[in-house]
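Here's the structure we're looking at; comments come further down.
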């Protein structure tokens, strides 16, 4: 039993050490996250074209705000923060886009259901003598 606990403890320590190395590598990157910013901008534009301004305004606003904060962080040369905010902006924009597309699909499905019901009633009425 002690061997198992010891083994898991070593794995845990190794995992924490590996995570520390990865975080240190991310923190030491000294370049602006230009690709993340561009991706976030593109995701916001995509969400806007999908109708997120009407369907998911809070998510879209959050994406825009985070992109603005990311751009400010770049100007302050806080690149790790800028990268994280740009990635969050992208995620918020994707959520807004998916929400907008989902609402459109639900509306289309409801319209089809109404049309089917009208057609069914029409067919029933014609089938009666």
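A Cβ is built for glycine as well, from the same backbone N, Cα and C atoms used for every other residue.
Annotations in TrEMBL come from automatic prediction, not curation.
As recorded in TrEMBL, the features of this protein are as follows:
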| type | residues | note |
| --- | --- | --- |
| SIGNAL | 1-27 | signal peptide |
| DOMAIN | 36-112 | domain 'DUF4398' |
| COILED | 79-113 | coiled coil |
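Note: the domain 'DUF4398' (36-112) comprises 71 helix, 0 strand, 6 coil (DSSP; helix = H, G, I, strand = E, B).
Same-chain residues lying 6 or more positions outside the coiled coil (79-113) and placing a CB less than 8 Å from one of its CB atoms are 26-27, 29-33, 36-37, 39-40, 43-44, 46-47, 50-52, 54-56, 59-60, 62-67, 69-71, 73. Summed and averaged per residue, pLDDT over the domain 'DUF4398' (36-112) gives 97.
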